[in-house]
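As recorded in Swiss-Prot:
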BINDING   184, 186, 187, 188  ATP binding site
REGION    1-74  region 'Domain I, interacts with DnaA modulators'
REGION    74-139  region 'Domain II'
REGION    140-356  region 'Domain III, AAA+ region'
REGION    357-484  region 'Domain IV, binds dsDNA'
């Protein structure tokens, strides 16, 4: 029996030399030495799929190892029969993966075998000697982003509380966490604050903040320079990974595949993952389903546009930081007119400061109106999906005219094919030309549910790829909406 165990230990050792750490861990960690009957050594696998994959991938290699070491008559038999069904004698002879590694250490006279094994990964690292990254730096964390200077309101309170909790106890709960919402609402501020606060409270942890674009560029560069192993090592040895604007990875299957494996490696090791996105995971298109499912494993929390009271607080805070005094009526006017996001509110205060500092004039209503107009015009010019840019009524008007559909039908419950098709297109156009959520779009299209709207959007997206006529129709409609 002891000889058979040593043979199995030998096989594991030889295979370890040829596999990556991740592959070895995936395929062999859950195997269990059961017994030997004559020249047959029985190894238990966790399920039938695992058994079939092990046999398919490693039978040839195992035979080579046995032959090379003079065990020509020995056969390794894999079974998916649960260990508990074996007799008490066989149960006592069963050897787990950890025990097999310990046995091999003893066989070699390795003194490390006397120490307790903390984890399978730790043991694997003893055989696959890879150095962890040294001199770890986090160049993209900006110290100006803190929880202390984040303005809290009903639109972002849950996201704030979750972010603070993550900083205090990374990897314990809310893992992964995805914060989503429109442009300029504070997602980056919270993500950076998580990194800064965690660094302050847990200075021994390796924390990395990166934008999705930088993550992509770094991956592409690693392929060009044949340093993908270095790239993987950098990201899979982290204690906390913070990726901003994950939606920028849409339609990029290669980097999505890499992110999927990085996600798994960190998640299985209880390392914290936090992402930001401009929409909820269910609304992401051109993203692999398995990656979207990873995002929904933990907490998904949204940040909506600030209400009037919060807008006032944001302006007051920015004015205080910039050292200017804003009269109450001016402050309220800016808060009433600039309703888009935090970024635009702060831009308004910055412009006010410029007038005061450079022109040395007193701020009045006319100047404020001019500043607000500049901000709104800029928002229209730079935000392709802004709800200010294209009026919802114009979208509907063009759609009804071009498809020859009655107003009552598009928002009604008719199931005629041409009406249903028009509703699908309406939902798709609203999603592409406005910042409305699927719930808000559903209310516009006759009280449809989130899932119904999402189905419509995805259907048109698929049809455009597969049906030239549909694609031409949508393109024509979109061009007319833009020109209108």
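Backbone N, Cα and C define each Cβ position, glycine as well.
Note on residue 187 (ATP binding site): other Cβ atoms within 10 Å of its Cβ, all shown chains, come to 25. Taken residue by residue, the region 'Domain I, interacts with DnaA modulators' (1-74) breaks down under DSSP into 44 helix, 11 strand, 19 coil. As a summary of secondary structure, the region 'Domain IV, binds dsDNA' (357-484) carries 94 helix, 0 strand, 34 coil according to DSSP. The residues near the ATP site, meaning same-chain residues not in 184, 186, 187, 188 whose C-beta sits within 8 angstroms of the mean position of the site's C-beta atoms, are 181, 183, 185, 189, 190, 276, 303, 341, 342, 343, in sequence order. Counting other Cβ atoms within 10 Å of each Cβ, the binding-site residues 184, 186 show the lowest value at 184. When secondary structure is read from DSSP and collapsed to three states, residue 186 (ATP binding site) falls in the coil class. Long-range Cβ neighbours of residue 188 (ATP binding site) (same chain, at least 6 residues apart, Cβ-Cβ under 8 Å): 145, 244, 276.
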